[in-house]
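Some notes on the structure that comes next.
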Amino acid sequence: MVTQVPSSTNILVIGGGPAGAYAAGVLVREGFEVTLLEKDFFPRYHIGESMLPSWRQFLRFIDMEEKMKNYGFLPKPGGAIKLNQDKREGYTDFIANNPENSAWNVVRSEFDQLLLNHVAEQGVKVYEGTRVDEIHFSPEEPTRPVSLTWSKDDKTRGDISFNWLVDASGRNGLMSTKYLKNRTFNRSLKNVAVWGYWTGTNRYAPGTNRENAPWFEALTDETGWVWFIPLHDGTTNVGVVLVEEDSKRKKAEYRAKHEGKSLAEVQYDRYMEDIQLAPGLIGLLGDGKFDGKLQAAGDYSYHASGYAGPHFRIAGDAGAFIDPFFSSGIHLAFTGGLSAACTIAASIRGHCTEEEASEFHSSKIKTAFTRFLFVVLGIYKQLRAQQSQILYEADEESLDRAILSLRPVIQGAADADADLTKEELENTLDFCKSVLEDEPQANGNGAAKQDAVPAPIPVALSSGAGPEKDAKRREIEAESLRSLQEMDDCKRNFGTEVINGFFVKMEQGVLGLVRA
């Protein structure tokens with residue numbers, strides 16, 4: 001890595017995580033000068049270890065797929081999902097039609113460093129341990145960033161000017177939170193996660209083509225869910241996600257019964273009690289040993305009203321975050337990184353106006369966010385009312401039908417082959433809509449907990465009449481259908497999907513936008 005931050009650059013990227021590194025890598029391969037500032041020194045710890053098969057498509061575009069295949073990360077053949085103890089778990093099979101369609105479970109510190117090193121080798125100037133303190137805007141064009149002030153732990157400071165900015169600063173979201181102030185939290189998905197690492201655990205479906213698949217299971221008290229993700233270093237990440245209100249209530253009740261315990265002791269005891277509410281997980285833990293260290297984070301879902309403006313783009317968690325369910329984070333980071341790179345290249349090369357390019361990027365991020373939001377809301381609606389008929393009918397034994405219906409979303413670019421039809425995409429959207437619109441129906445084993453369901457229907461899909469509401473409904477439906485199409489194949493859909501009258505020219509050396 002280089003050490004002296006220059007005083008100017010053509011394209012500046014804030015953040016060396018997946019969104020920033022990917023955008024930088026795509027842009028430098030187009031022949032542009034790219035500088036990247038990262039506040040941490042890699043490797044650094046990060047949560048988010050389960051991948052989608054769509055990653056292969058993105059990594060292939062920057063010639064990194066073979067590095068991933070040869071590194072030694074644990075192959076991920078699919079994922080198991082259990083939302084009702086009376087029914088068999090559902091399974092999303094990544095490799096049913098193609099053994100090469102598997103994803104990976106990764107140690108993020110290693111994967112993120114592998115990606116950052118790869119783009120540095122491609123020509124990106126990377127500066128680690130470099131914080132961004134302030135972004136400066138043009139006096140003539142107040143919404144256009146033109147330079148920033150950086151600093152390091154050794155007290156050195158400086159300024160760097162640029163023509164283009166990609167904000168991939170993670171959840172801090174500098175542009176969105178500090179300057180645009182356009183971030184909105186989704187009250188339906190205010191959750192908290194607590195996780196730790198275990199050794200000596202069992203594996204899901206050992207000896208079959210499902211071995212090493214992660215396990216996701218709803219808690220029997222309907223307050224949240226757990227994850228079980230095996231890793232190549234011999235550890236397994238076991239996490240608990242609770243609705244924030246339920247987490248607070250459980251902690252308060254526990255403290256009332258166990259006065260004098262420290263916060264760390266309460267957190268540990270609550271974690272151990274919550275995982276007991278996932279019988280399938282207990283079987284997978286077997287005789288495994290917990291390493292004794294817990295970590296926690298607020299999994300608050302949020303989005304922004306826009307993700308671009310004059311000469312800047314926002315990508316990854318800097319703009320939006322949904323939920324850890326379905327491992328959408330890095331897929332959305334890569335989508336945002338590629339869109340940022342495509343639209344910057346298009347603007348530089350005169351394929352369109354800068355306003356048209358920035359609007360394309362914002363629309364791309366919004367549709368990607370909408371896709372996963374619909375599915376995650378449906379999952380939470382079911383796990384909060386487990387005896388209700390939401391994702392499955394009363395006589396169904398598992399989630400398999402629902403998973404098949406949602407295949408274009410939850411597998412990323414995997415099983416959704418290049419022949420995916422408009423009818424199949426519409427069926428997926430219709431399924432999502434029906435889940436969000438229908439009232440939960442008790443199936444005889446219990447009453448629906450409608451008051452506990454935290455997933456309201458998106459306003460544009462709720463029932464009601466009137467020309468304005470009907471028009472908004474059609475707009476969201478069309479946007480969502482486009483977002484489902486983009487799950488097919490990142491190169492194929494980026495090169496064919498029309499957004500705001502443009503589609504992407506997915507060809508290295510001439511990357512940009514083409515008017516439809």
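For all residues, glycine too, the Cβ spot is worked out from N, Cα and C.
Per Swiss-Prot, the features are:
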type	residues	note
BINDING	GLY16, ALA19, GLU49, ILE330	FAD binding site
BINDING	SER328, GLY329	chloride binding site
REGION	440-475	region 'Disordered'
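Features as recorded by Swiss-Prot, highlighted on the structure.
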residue	record	DSSP class
GLY16	FAD binding site	coil
GLU49	FAD binding site	coil
SER328	chloride binding site	coil
Candidate with sparsest Cβ neighbourhood (10 Å radius) among ALA19, ILE330, the listed binding-site residues: ILE330
Per-residue Cβ crowding (10 Å cut-off), top of binding-site residues GLY16, GLY329: GLY16
All-chain count of other Cβ atoms within 10 Å of SER328 (chloride binding site): 26
Site extent for FAD, whole Å (max Cα pair distance, GLY16, ALA19, GLU49, ILE330): 17
Neighbour count (Cβ, 10 Å) for GLU49 (FAD binding site): 27
Distance from GLY16 (FAD binding site) back to GLY329 (chloride binding site), taken between C-alpha atoms, in Å: 15
